[in-house]
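Worksheet for the structure shown next.
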């Protein structure tokens with residue numbers, strides 16, 4: 001992952017400071033800033049930006065003027081976080097397409113940056129959100145450009161327009177946009193040829209296309225591997241095409257990536273999406289605070305919820321699974337649905353970055369091995385009968401020969417079948433707890449409907465204290481419910497089901513679920529197998 005090493009180094013610098021027992025203000029603070037600046041420079045972030053960030057952090061923490069009661073370590077952490085956010089946030093609002101009218105989006109960028117693939121990714125992204133989308137290939141310079149766009153668009157089931165005979169890209173773009181406007185398409189994305197700041201003819205061609213289609217938004221596609229050249233190239237494109245947004249591609253690689261971030265400061269233009277892989281679904285919405293949180297290992301739960309909602313949208317089976325879990329039931333079919341949802345969400349490394357604390361747990365896992373193990377689990381499910389899938393797994397205990405039959409039918413081993421069933425038992429136990437908690441919350445809601453709520457809440461708090469439940473640690477199995485104000489929100493139906501749950505995954509505690517899943521994908525599984533194999 002791009003900038004992963006940068007995140008580790010910055011995190012280590014801040015953690016070293018916060019772990020020290022005595023804060024030697026000057027020495028510890030200067031050492032931390034020095035390490036952060038060295039990490040940013042090694043990640044190809046522009047030198048002037050690093051110097052500016054250094055001054056900003058120093059000026060925002062004035063030890064002499066702080067009251068004695070202030071937690072200086074927390075203040076330093078916040079200063080570092082805020083300055084890193086400002087590094088990637090130009091405070092410019094990007095264009096937002098409107099439904100019911102044609103929104104023309106034009107892509108520009110260097111050759112090989114991934115424009116054509118990103119065009120299809122963005123079209124698919126908007127298509128999944130209810131927009132009527134289309135693609136126009138105005139790249140008449142590169143051999144095979146139209147064929148590539150045609151192949152991608154066909155795969156994503158998106159209408160496209162291009163020409164194998166017309167060589168003037170401005171004419172092709174104008175014809176394509178006019179055609180799709182007439183057919184009332186809401187998002188029309190125009191792909192153009194890759195160009196370099198030294199190629200004046202291609203830059204002139206770009207302005208001609210822009211004049212022909214009058215786009216509502218022009219997007220610069222920037223390769224994360226470009227390094228220090230990013231600032232000069234993006235400035236040249238800004239002067240000619242005046243783009244209003246940036247998409248950074250190839251962020252799943254191991255390049256430094258800081259150069260692309262420098263382009264934000266150089267052009268005062270917001271990053272709107274990150275390309276996180278070669279597949280059409282590998283496009284993440286960029287949000288500065290969430291990006292820095294992930295960079296520092298703090299997770300991005302809001303992004304995860306949005307991702308899960310997009311994947312499980314309108315899924316009848318996901319709704320059925322949620323209903324089962326809310327009742328404390330978890331069948332093998334429900335488990336299969338959860339595995340399918342996780343596979344749709346992308347590689348485990350991508351998901352783990354969104355969950356606080358889980359990125360370290362999955363650091364050594366190979367995504368390809370992990371996805372293969374998930375596929376083998378699906379093979380096992382597909383070899384089960386309807387009665388086995390809709391059961392609770394007890395029939396396998398009563399008739400172990402069923403495991404042998406399933407292993408033979410799925411091309412797996414008996415040990416793998418045993419591991420899957422063991423994992424299901426753990427998940428079923430979690431579902432049972434979620435169902436029990438929901439019933440308790442319903443009883444508490446009913447109890448609070450009449451009478452003095454404050455008195456009833458105080459009485460409940462006393463009972464919890466007597467049971468050892470009120471110490472700020474929250475209820476068992478319900479993360480983040482430490483204070484009573486949050487409890488009131490949940491009692492009134494505002495907190496969602498289960499505190500740590502997510503739609504499409506049945507409201508279960510996803511962090512626990514993913515931790516167990518990563519264990520299984522890492523080879524150990526849930527344990528509990530008797531070691532037999534075939």
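From the backbone N, Cα and C atoms, a Cβ is placed for every residue, glycine too.
Swiss-Prot lists 1-296 with the feature region 'G-domain'. Annotation comment: Swiss-Prot describes 109-116, 191-195, 249-252 as GTP binding site. According to Swiss-Prot, the feature region 'M-domain' maps to 297-534.
Under a cutoff of 8 A between CB atoms, and with a sequence separation of 6+ in the same chain, the neighbours of residue 112 (GTP binding site) are 194, 223. Per-residue confidence over the region 'M-domain' (297-534) averages 64 (mean pLDDT, predicted model). Counted within 10 Å of its Cβ, the other Cβ atoms near residue 109 (GTP binding site) come to 26, all protein chains included.
With all protein chains in the displayed structure included, the most crowded Cβ environment within 10 Å among the binding-site residues 192, 251 is that of 192. Secondary structure at residue 115 (GTP binding site), taken from DSSP and collapsed to helix, strand or coil, is helix. Shown in sequence order, 107, 108, 109, 191, 192, 194, 221 are the residues of the chain, 6+ apart in sequence, with a C-beta less than 8 angstroms from the C-beta of residue 115 (GTP binding site). Around residue 195 (GTP binding site), a 10 Å sphere centred on its CB holds 24 further CB atoms from the protein chains shown.
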